[in-house]
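Have a look at the structure below before the remarks.
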Amino acid sequence: MSNSQTGHLPVTPDLLMTPSDQGDVDLDVDFAADRGNWTGKLDFLLSCIGYCVGLGNVWRFPYRAYTNGGGAFLVPYFLMLAICGIPLFFLELSLGQFSSLGPLAVWKISPLFKGAGAAMLLIVGLVAIYYNMIIAYVLFYLFASLTSNLPWEHCGNWWNTERCLEHRGPRDSNGVLPLNLSSTVSPSEEYWSRYVLHIQGSQGIGQPGEIRWNLCLCLLLAWVIVFLCILKGVKSSGKVVYFTATFPYLILLMLLVRGVTLPGAWKGIQFYLTPQFHHLLSSKVWIEAALQIFYSLGVGFGGLLTFASYNTFHQNIYRDTFIVTLGNAITSILAGFAIFSVLGYMSQELGVPVDQVAKAGPGLAFVVYPQAMTMLPLSPFWSFLFFFMLLTLGLDSQFAFLETIVTAVTDEFPYYLRPKKAVFSGLICVAMYLMGLILTTDGGMYWLVLLDDYSASFGLMVVVITTCLAVTRVYGIQRFCRDIHMMLGFKPGLYFRACWLFLSPATLLALLVYSIVKYQPSEYGSYRFPAWAELLGILMGLLSCLMIPAGMLVAVLREEGSLWERLQQASRPAMDWGPSLEENRTGMYVATLAGSQSPKPLMVHMRKYGGITSFENTAIEVDREIAEEEEESMM
């Protein structure tokens, strides 16, 4: 046959051919190989720890514990960890590892609910935009700490006002400051609001003012760092986490030792841990505990699912679940000691009660703690360490957000995007940098608060409730447990099944109702947001919820038949749902990969892959179970 003749035959690209089209090639071709996997044993575990242990552990948990009953808060905290932390964490890891797919493609399990995957992506996208701005602030302070005297130590700079007072003034004989402190402002607070944010240049969220070029460059640097770390996907980020997931612990220990040895530290720690059990009678405390667990573990953002999808099929995620969730809780409690010991020292120095210096969120990281640093000898060194810790804590959570977006989209269009994954990652980083520029303006903080309050609020809960119900009710808890059995060699026990079926969705539903009933408009300091900004925020949350019915509509329109038939077809798993590698497809999944129509699936499987391993024993059991169930249904 001459070349001119072959030129007219349509050439099927390799990736689109089914194995049967490729003639007599060996069916052992590894189709998921081009997707990439973790390269080291610890990559996955450290990535998960890095992802879960983030800024919230340092700046949200200690404050939440102290406002909700101190040591007594640990009771609802660990209970909620058991009811909706650990089970949902395991559910998400199992889904990802079983299918080796990202948060969009994983909905082959039930195409009707693909909208939940799209909602996850929207939420992660919004969070990634503002989360990197917080990293940019951290970088700003990191560079500012590279001096012999910290710039927020004294008043008298161009950004200070006459209300500025260095709270270390002369004391009277009782060791109390003779002034009324309430009308004054500390230099660190003015440095943050008037110099770093330059918030006085903005009239409010509607008039953000000019872009601050120094913040703009810090944000650019933050995105460049993130891009370089996720350049090669999990192969590169899996190596970076060896540093970013472990180093914060080293610094945390240094800060802890330094904090506990300060005079007055005990006062702060008492404040943090004294149990006030009457708090446990209020629903607010239980809700706060559940929220803390929910956001801290990062369930529902798709990050866990993405990381697990790069695992080998038999990786023991059951063990990993407990290591990560408990490690996360212990880190939060440790961070509380490091923070409150310093706050206790500070309250003693200033002569005010601890509750007047305690704050949460950015106020703690960028105002109170830096102010405490100025009181220590070698203050620039401790300040640099603290911000370096925040940087490493924030970065690995940010890797996960971006990895989730990139993986989800490349798994949808593997043929076009997988070879150009690095370019695609770069484009996403550039787009998100441009979208985040509004956060670098004088009024950028107002936008950041709005994004923080609404992007992942009720929308995220709706997504997680949907995922939970779709997997346990629509796909079926029996099938899901059987899949896990096939993957790990044992079935999840009664505890996991009870949580997946009832306890977790019910708790999340209570959270959702509570957050709607107790809804409070956003505010920043004394600034109240205008009605249009509120509406914008609520729409942001609703948009992610609306993705779910929109996805259902699309799925139903793609099927044929009456509405009920269409719904049934759309909720069934896709034909190619199951493990991504042929050798892991045992039991009911054997004949579902293109080109593997075989008469006696298990016999063929054993001939091809050698003797019976413990996992094949499992496969035989599963086959027997399915056969028995089918016989029962025939009767």
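Just so it is clear, glycine is given a Cβ too, placed from its N, Cα and C backbone atoms.
The Na(+) binding site annotation in TrEMBL covers G50, V53, N57, S296, N328, L393, D396, S397.
The feature disulfide bond is assigned by TrEMBL to C155-C164.
The transmembrane segment annotation in TrEMBL covers 44-62 (among others). Away from its own ends, the transmembrane segment (44-62) comes close to residues 38, 134, 234, 237-238, 241-242, 244-246, 248, 272, 292, 295-298, 303-304, 307-308, 310-311, 315, 320, 323-325, 327-328, 331-333, 335-336, 338-340, 360-362, 364-365, 389-390, 393-394, 396-397, 399-400 of its chain (Cβ-Cβ under 8 Å, at least six residues beyond either end).
The transmembrane segment feature in TrEMBL is assigned to 74-95 (among others). Below 8 angstroms of C-beta separation, residues 65, 106, 109, 280, 285-286, 288-290, 292-294, 297, 299-300, 304-305, 307-308, 317-318, 320-322, 324-325, 329, 333, 464, 467-468, 471, 480, 483-484, 487, 492, 495-496, 499-500, 503-504, 507-508 of the same chain, each at least six residues beyond the ends of the transmembrane segment (74-95), sit close to that stretch.
Annotation comment: TrEMBL describes 116-143 (among others) as transmembrane segment.
Among the features that TrEMBL reports, transmembrane segment is placed at 211-231 (among others).
As annotated by TrEMBL, transmembrane segment applies to 240-266 (among others).
Outside the transmembrane segment (286-310), and at least 6 residues removed from its termini, the chain residues within Cβ reach (under 8 Å) are 35-38, 44, 47-48, 51-52, 54, 56-57, 60-61, 64, 68, 73, 76-77, 79-81, 84-85, 88-89, 92-97, 99-103, 106, 117, 120-121, 123-124, 127, 234, 280, 317, 324-325, 328, 332, 397, 400-401, 403-404, 407-408, 456, 460-461, 463-464, 467, 507-508, 510-511, 514-515. The transmembrane segment annotation in TrEMBL covers 286-310 (among others).
The transmembrane segment annotation in TrEMBL covers 322-346 (among others).
The transmembrane segment annotation in TrEMBL covers 381-402 (among others). Long-range neighbours of the transmembrane segment (381-402) within the same chain, counting only residues 6 or more positions beyond its ends whose Cβ lies under 8 Å from a Cβ of the stretch, are 47, 50-51, 53-55, 57-58, 124, 127-128, 131-132, 134-135, 138-139, 141-142, 145-146, 150, 225-226, 229-230, 237, 240-241, 243-245, 247-248, 251-252, 254-255, 258, 298, 301, 303, 306-307, 365, 369-370, 373, 425, 428-429.
Annotation source TrEMBL lists transmembrane segment at 423-448 (among others). Residues 125, 128-130, 132-134, 136, 197-205, 207-212, 215-216, 219-220, 223, 226-227, 230-231, 233, 402, 405-406, 409-410, 417, 524, 527, 529, 533 of the same chain lie 6 or more positions beyond the ends of the transmembrane segment (423-448) yet place their CB under 8 Å from a CB of it.
TrEMBL lists 454-475 (among others) with the feature transmembrane segment.
Summarising the annotation, TrEMBL assigns transmembrane segment to 495-517 (among others). Residues 80, 83-84, 86-88, 90-91, 283, 287, 290-291, 294, 457-458, 461-462, 464-465, 468-469, 471-472, 477, 480-481 of the same chain lie 6 or more positions beyond the ends of the transmembrane segment (495-517) yet place their CB under 8 Å from a CB of it.
According to TrEMBL, the transmembrane segment annotation covers 537-557 (among others).
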Next item on the list: Compute the C-alpha separation of S296 (Na(+) binding site) from C164 (disulfide bond), stating it in Å without decimals.
Entry: 36
Margin query: Check the transmembrane segment (322-346) against the transmembrane segment (240-266) for contact, please; criterion is three or more CB pairs under 8 Å, pairs 6 or more apart in sequence.
Written below: yes
Checklist line | Cβ-Cβ distance under 8 Å to C155 (disulfide bond), same chain, at least six residues away | finding: C164, L165, E166, P187, E190
Checklist line | Stretch of maximal Cβ-Cβ contact with the transmembrane segment (454-475) [cut-off: under 8 Å; candidates 211-231, 240-266, 537-557] | finding: 537-557
Check: Any idea which of the recorded positions V53, C164 has the thinnest Cβ neighbourhood at 10 Å?
Finding: C164
Note to self: Counting across all protein chains present, how many other Cβ atoms fall within 10 Å of the Cβ of G50 (Na(+) binding site)?
What the structure shows: 28
Note to self: List the residues in the vicinity of the Na(+) site, defined as same-chain residues other than G50, V53, N57, S296, N328, L393, D396, S397 with C-beta within 8 angstroms of the site's C-beta centre.
What the structure shows: I49, Y51, C52, G54, L55, G56, A245, P248, T331
